[in-house]
C-alpha cells in the first residue's frame, strides 16, 4: 500500500463540491478523505481542518478555499471546497480552481434551494463539464417516496441548465453517517468515488491540445527576422510548423523557423514553457502583444460575447461606487487590454461592487477566444472585476 501512494503515474483529476449553504459540502469533503483513506490508503482530514479554509488572493480577489487530495485505485483527485457562497462564485468565475467535474451536494431534507440553482447555472456558464449529485442527509428522511421526489427535482433542475439530468449519477447517502463510521453510509462514499472514476472522463492534458501561445513581446533580430515570446498555454510548437497569428488585426499565417528557450535552440516548445518563436517573413510591425500564435484553424477572433462577471468589492481594491449601462472599461485578455461596451440583463439598472452578473460585452477590436476564456476588467490599469466568456455571439 505505501508504495502505491508515491506513484504519481495515475491520472490527475480536479473536482470540487458545490451546492447550497449548510447542505453538507464540507462534511462530505471530510467524509470522502476519511473513508477513502480507510479503504484505499491516503491521509484523512477532519471537518475542522477543511472548514478553516485559508484565504488566497487570485488576481487581487480574496477567496477562501480548502484543497484536499485523495486517491482511488485508478486516479489521484485534487478537490476544492469553499466555506462561503461568495467564495464559490469568485472561485468559479476566476477559474482559481478549475474543475473537471463537480459534486453537487443537495440535502434530502430540503431539496434544491436558491444556491443549488445558482451553482448549477454558474457551473454551466463557466464550463464545468460534468456534475455528479450527492444527496446528503438521507438518514434523516424515512420516506422513500420523498427521497425519490427530491432526486427527480434535482435531475429536472440540472436538465433545465443543459446538464444530462436523466443520465448523471445520483448517490443517496449521509456524509455525517460516513464520517461517524457507519458502514451503510461509508459504502455510499465508495460508490461516489467509483462514480467519479467512471463518469468523469480523464481530462485532456494541455500538451495534447492544439497549440496556442499568447504573445507577450515582439523583437526583430537583424538578419534572422521577427521573434515573438510568450508562455505556451497548450499544445506543442515544432520548428517548421505553420502557425496563425490571431486577434486585433486580420488573421495571418506564417511558419515557425526556430524555437528557443533561455537562448538555446530547441526542436520544439511545450505547454507551460516560456519560449521565443522565430517567424518566417513576418515584419516587426505586423505582430503585437495581445495577439496569439496558434495552430491554424484552432481558434478564431471575436468581439461580442456573453460573460459571467464578478465585480470586486471595495475591500478587494475594486470600485467604491456602482456602474451603469454605458460603462466602458478595458477587458484584459491574456496579455492585453481592449476597450469594450457592456449591456446589462433586462431590468438591471446598475451593478454594485461585490455583485456577480451576466453581461454582454462588445470589444472595439477582436480577440482570439473560445468559451471558458477568463479575463479581467480594468480601469486605468486597476482590476475592478473578473469574468469568463460563457457564449460567443460574433
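Using the three backbone atoms N, Cα and C, a Cβ is placed for every residue, glycine included.
Given the structure is predicted, the values throughout are model-derived calculations rather than measurements.
Swiss-Prot tags one of the stretches 60-64, 65-69, 70-74 as region 'G2', and that stretch is 60-64. The stretch that Swiss-Prot tags with region 'G3', taken from the ranges 81-84, 85-88, 89-92, 93-96, is 81-84.
Ranges compared are 3-10, 11-18, 19-26, and Swiss-Prot records region 'G1' for 19-26. In Swiss-Prot, the annotation region 'G4' applies to 136-139, one of the ranges 124-127, 128-131, 132-135, 136-139.
When Cβ-Cβ distances under 8 Å to the region 'G2' (60-64) are tallied for each of 19-26, 81-84, 136-139, the top count falls to 81-84. The Cβ of residue 82 (GTP binding site) has 24 neighbouring Cβ atoms from other residues within 10 Å, across all protein chains displayed.
For residue 19 (GTP binding site), the number of other Cβ atoms no farther than 10 Å from its own Cβ, over all displayed protein chains, is 27. Among the binding-site residues listed here, namely 19, 82, 85, 138, 82 has its C-alpha nearest to that of residue 26 (Mg(2+) binding site). The DSSP secondary structure for residue 26 (Mg(2+) binding site) is helix. Under 8 Å, Cβ to Cβ, and six or more positions away along its own chain, residue 22 (GTP binding site) finds 107. Per-residue confidence over the region 'G3' (81-84) averages out at a pLDDT of 85.
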